[in-house]
Amino acid sequence: MRRVTAWRSGLLPGALITGTFVGIAILSRIWTPEPPTRMRIALRLKPPLASGLAGTDALGHDIVSLLMAGAWNSLTIAGASIALALIVGVLLGTTAAAMRGWLGQTLMRVADLLFAFPALVSGLMIAALIGPGAGTAILAIAVFAVPVFARVSYSAAVTVWARDFCLAATMAGQSRFGITRDHILPNIAGTLAVQAAVQLGLAILVEAGLSFLGLSLPPPAPSWGRMLNEAQTYLGQAPWMAIAPGLAIALAVLGFNLLGDGLRDRLDPRRTF
Amino acid sequence: MPRILGRRLLSAAVTLFGASLAVFAVLDVLPGNAAAILLGTAARPDTMAAMAHQLGLDRPAYLRYGSWIAGAVSGDLGYSAAYGVPVRGLILERLAVTLPLAAIALTLAVSIGVTLGVLAAGRAHRWPDRAASTAAQLGMAVPDFWIGIMLILVFSTTLRWFSAGGFGGWDDPAAGVRSLLLPAVALALPQAAVLSRVTRAAVLEVLTEDFIRTARAKGVSAGRVLWRHALPVAIMPVLTIVGLQVSFLIAGAVLVETVFNLPGLGRLAYQALAQRDLVVMRSVAFLFAALVIGVNMLVDLAQPWLDPRLRRG
């Protein structure tokens, strides 16, 4: 087995990019170069450096400030949806592994069922029901991430259940719930951390797509996806409006993907890709 | 073998049934009064009642579900309130854009992804591998619809080689394919990135097996070992991932069709939401779910036929 350094495995660059992203998101709550929602019609469609580092949009919003505030919205929606999916998915997966039999199989089939709905499709369906907004985006992303966490925690939990210490705990009379809490969860936590990082990256991509279609946070809340939607109208005049948000999304996703790869090397050596 | 086939078919049928129930619950039962959604709450009660009767809303939910499914089986999906045409024709018309788009994108994604993956595995841990890995990391991080916008910026707005979107129909097949090319590239690149990583890992794993050592010992060239001996075995996990990626391809189609203003199925679902046309939406949403379920079932069933070891063994 080749030893991989923290830099090569992606752990370090991933942690750096993700850390910067989270830092900028938090910073945007207390400081941005301009108030992100302030319109300055006199400064509309200014190229980068003519007004601010990244220029302005069609209403004279400062793009750097919009990107910073957008980072917060992207991160909180992605974080909330993955937290929700993690809780529901792990509950499904570990319960199925503890129960086995038809009940366990039924729980896993429910997870399969959710998987049949692409995130954008469940986003459209949920928006038809409760209208667009942060809640719709969080639910739609969770619907698609729940089966992932359910499957990963199920297969990881099944292998832990086969270990001798679980047999010993069963012989000692510990309940299946107790064994799950004391032995299964600590042993699958690493695998789940890897998956959470990867899914956070995907969640940011999906949120950008949902807000591009206007299904996520409504205006005037700054959002990377909606910035891209508005940019398409001015593509010929102001290409910078389209370039900057795309780079921001790609960088944020890259950070979480690298972090996931690096963590996998550390915590979950069984998987090869 | 027939038992596995039967079990897989049954489980797909059960999932399909569950998906239809989920779609029906979210788009028909939970929204409550569809007539009010279409007409607005300010409509007069008798207009509302007439609309409800026309939509069949005065019947119980299980009867409505039954007639939707019975209609779907016989090819009658109801009437679109927004377009004033049968839903079936609307979907077929849109499929004529989305299916070719997906086919071109999938062909591009598999050929680019598998080629890159095999090349990277053949020179593992050296610079071609590093370059391919970096490209794959970037490809997986970039949103497909943004690639679309960038392609429009470069090839339409600046170079003027392609139109910035729209679709003129299949009367002129060459022009039809041409207008699907940029959107297909946008859809394909992130998929190719994922597939190249899976292919690389799968080929590397196969390369450690005994039959590869035998082939090498017999003096088979490195290239032939890679492409003719290792790849056919390694293609199995790649195929499984292609199946799993269908879900992302559909999500991407909704976005990319919007970016390129293509009259496809994804855009139809989006427009149906804007027009509150839930009758259209439920059939499109169910069709998407059925596609994901169907493709993954086919991938599962194809495994034994495709693995050269299982075939001869």
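Don't overthink the numbers, they just go from 1 along the chain as shown.
Cβ coordinates come from backbone N, Cα and C, glycine included.
Model, not experiment: these values are computed from the prediction.
Annotated domain 'ABC transmembrane type-1' per TrEMBL: A:71-260, in sequence order.
Look at TrEMBL and you will find A:12-31 (among others) tagged as transmembrane segment. Beyond the ends of the transmembrane segment (A:12-31), by six or more residues, the same chain brings 6, 65, 68-69, 71-72, 74-76, 197, 251-252, 254-262 to within a C-beta distance below 8 angstroms of the stretch.
Counting same-chain residues at least six beyond the ends of the transmembrane segment (A:75-98), those with a Cβ under 8 angstroms from any Cβ of the stretch are 21-22, 25, 104-105, 107-108, 110-111, 134, 137-142, 145-154, 156-158, 161, 176-177, 179-180, 184-185, 188, 192, 196, 199-200, 203-204, 207, 216-217, 252. Look at TrEMBL and you will find A:75-98 (among others) tagged as transmembrane segment.
According to TrEMBL, the feature transmembrane segment maps to A:110-131 (among others).
Marked as transmembrane segment by TrEMBL: A:137-163 (among others).
Per TrEMBL, transmembrane segment is recorded for A:184-217 (among others).
What TrEMBL records for A:237-260 (among others) is transmembrane segment. Among residues of the same chain six or more beyond the transmembrane segment (A:237-260), those with a C-beta under 8 A of the stretch's C-beta atoms are 10-11, 13-18, 20-21, 45, 47-48, 54-55, 57-58, 63, 67, 70-71, 74-75, 194-195, 197-198, 200-202, 204-205, 208, 224-225, 227-228, 230-231.
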